[in-house]
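Peer 1: If you scroll down you'll find the structure; I have some questions about it.
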Ligand code: FES
């Protein structure tokens with residue numbers, strides 16, 4: 001059997017070329033894999049959901065005589081199926097985990113300098129993937145068609161519409177016209193984008209991301225430089241790396257299923273079908289910082305230019321996020337170097353970069369805190385101080401501390417020691 | 001010299017080549033151009049056609065305000081309802097306009113969502129009072145910020161739960177807090193017996209200001 005396949009597919013060559021590729025081991029290298037696992041689970045659970053979900057707002061009568069929009073009723077139906085609610089929750093939590101893991105993966109790359117030449121391109125693909133994953137999650141918001149989902153999506157719709165010049169066209173295409181509880185084309189449109197177009201794009205980009213990674217080889221961890229300088233260190237992709245990944249995947253599925261079983265995500269009955277009453281909505285954690293900034297922007301920040309309005313919605317919802325995305329994309333080009341990066345760098349030896357990352361995380365935390373402005377009764381001036389100055393302060397303090405602790409240590413203790421002893425001889 | 005007579009003049013040959021090339025290039029250009037154009041024309045289908053049904057017409061003079069939701073959904077709002085609402089939370093009623101000619105409730109246009117409230121007539125600013133009737137005011141209920149339905153009452157003003165925008169309905173929905181870029185438009189109304197009737201459309205454009 002193996003021989004038969006080998007003669008036709010040249011498995012031996014494939015094995016030695018691809019599957020024996022050395023893959024270095026470090027616990028932080030699994031963050032990208034977890035992102036991928038979350039995506040696989042999302043696709044699998046998503047397939048199950050599409051089979052029972054009805055993307056329509058036509059009025060249906062449930063067995064107990066309630067008149068409900070079909071999309072909402074089909075969510076209730078899914079929840080009533082064996083393990084239906086668990087699978088729906090698994091889909092929901094995996095979306096959170098995918099975005100969180102991708103974000104942590106990105107921080108790991110940033111902290112260890114893995115974005116440097118020749119990997120700038122894959123850094124850009126990665127940013128594209130993170131943004132796309134968030135957009136995909138957003139297009140899934142409205143599908144349960146409950147009051148909460150509709151309110152949250154409406155806010156996103158208007159933020160999209162606030163994009164200068166192209167906003168109107170963009171939301172018209174995404175939402176099939178005006179956002180309204182009675183727009184019959186909106187849910188089918190969002191459904192198609194959420195289950196077909198964005199996942200296909202994600203699959204293509206994930207493929208590209210992995211292909212570039214295999215082609216360029218995974219960056220070598222710092223310890224490899226000490227253990228065997230100039231050599232590629234790692235375990236073969238198959239079977240060793242494959243077995244590790246396989247075990248990790250099973251652990252991932254087990255843990256998330258447990259979570260999904262205990263915590264039912266987004267109980268639609270708690271909100272009911274859409275009405276004119278707005279529930280107090282809070283976006284998911286990965287939007288909370290934008291939500292916070294939206295509330296801080298003063299209402300008079302507004303001007304018109306060439307027929308486009310630049311209002312507070314634009315500054316909070318479009319300008320700040322775009323600036324951050326562009327800033328992230330620029331990192332490998334600002335921190336450029338002529339030679340190729342072979343080994344990862346230790347965060348402790350790059351205090352400037354490390355404290356910048358810490359400062360950015362503080363910015364994210366402070367902007368998220370601003371999302372609780374109304375609940376905590378925080379004055380706007382205080383929030384501005386928190387969002388602008390606390391991250392800078394944190395960065396400076398982190399820099400000073402890192403310098404104090406690691407600044408005087410020699411760059412390469414072991415190698416230096418060896419050289420020193422050799423010179424003594 | 002027989003040879004030269006039969007052969008084609010090299011200059012002429014080159015010119016023919018150039019002509020052929022131009023024709024081919026033009027053909028390719030036109031072909032590609034037409035393909036791109038027709039593809040873009042397919043893209044027009046991404047934007048759905050807007051069909052204005054009677055339920056989607058914007059509010060206009062003569063429309064009667066009816067309950068948007070709840071047990072009385074679709075019934076006309078009376079001053080007694082508004083008095084009763086004052087004791088509930090929120091102390092106002094969300095309404096849709098009803099066309100008296102065909103009795104259609106125009107509830108399929110988001111910007112037709114209207115807030116109606118009974119206020120102390122003496123507390124209204126003169127400008128607001130002009131469009132009110134015995135202290136009853138009506139405004140677009142769609143927040144100017146990002147389009148939520150402003151459905152709460154806090155700090156004695158109208159409160160949008162989405163980002164904390166606050167409007168004072170006594171003073172032309174002046175913005176008193178939050179990131180809201182401007183007031184929502186008032187709907188001029190009058191009382192006709194027990195009915196609340198619009199005397200015009202919104203004073204200016206309703207809906208999120210984006
Ligand atoms: S939508 Fe009303 S305050 Fe933002």
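Note that the numbers count up from 1, one per residue, in the order the chain is shown.
For all residues, glycine too, the Cβ spot is worked out from N, Cα and C.
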Peer 1: Scan A:268-284, A:285-301, A:336-352 against TrEMBL and say which stretch is down as transmembrane segment.
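Peer 2: Among A:268-284, A:285-301, A:336-352, the range TrEMBL annotates as transmembrane segment is A:285-301.
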Peer 1: Can you tell me which parts of the same chain pack against the transmembrane segment (A:243-265), counting only residues 6+ beyond its ends and a CB-CB cutoff under 8 A?
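Peer 2: Non-local partners: 25, 30, 33-34, 37-38, 40-41, 85-94, 97, 235.
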Peer 1: Could you pull out which residues elsewhere in the chain have a CB under 8 Å from any CB of the transmembrane segment (A:381-402), counting only those six or more residues past its ends?
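Peer 2: Tertiary neighbours of the transmembrane segment (A:381-402) are 292-293, 296, 348, 351-352, 354-356, 358-360, 362-363, 366-367, 369-370, 373.
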Peer 1: For the transmembrane segment (A:29-49), what are the same-chain contacts with Cβ under 8 Å, counting residues 6+ beyond its ends?
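Peer 2: For the transmembrane segment (A:29-49), the far contacts come to 78, 87-88, 90-91, 94-95, 97-98, 101-102, 104-105, 108, 133, 195, 199, 202, 206, 218, 221, 245, 248-249, 252-253, 256.
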Peer 1: So what's near the transmembrane segment (A:93-111) in sequence-distant terms, Cβ-Cβ under 8 Å and 6+ beyond its ends?
Peer 2: 28, 31-32, 34-35, 38-39, 41-42, 45, 123, 126-127, 129-130, 133-134, 137, 140, 256, 259-260, 263, 265, 284-286, 328, 331, 347, 353-354, 357, 361
Peer 1: Within the same chain, where does the transmembrane segment (A:155-175) have neighbours whose Cβ lies under 8 angstroms from its own Cβ atoms, ignoring anything closer than 6 residues to its ends? I mean 6 or more beyond.
Peer 2: 138-139, 141, 183, 186, 189-190, 193, 281, 283, 290, 294, 305-311, 313-314, 317-318
Peer 1: Cβ under 8 Å to the transmembrane segment (A:123-143), counting only same-chain residues 6 or more beyond its ends: which ones?
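Peer 2: Sequence-remote neighbours of the transmembrane segment (A:123-143) are 39, 53, 55, 71, 95, 98-99, 102-103, 105-106, 109, 115, 149-150, 152-153, 156, 174, 186-187, 190-191, 193-194, 198-199, 201-202, 205-206, 208-209, 212, 284, 286-287, 325, 328-329, 331-332.
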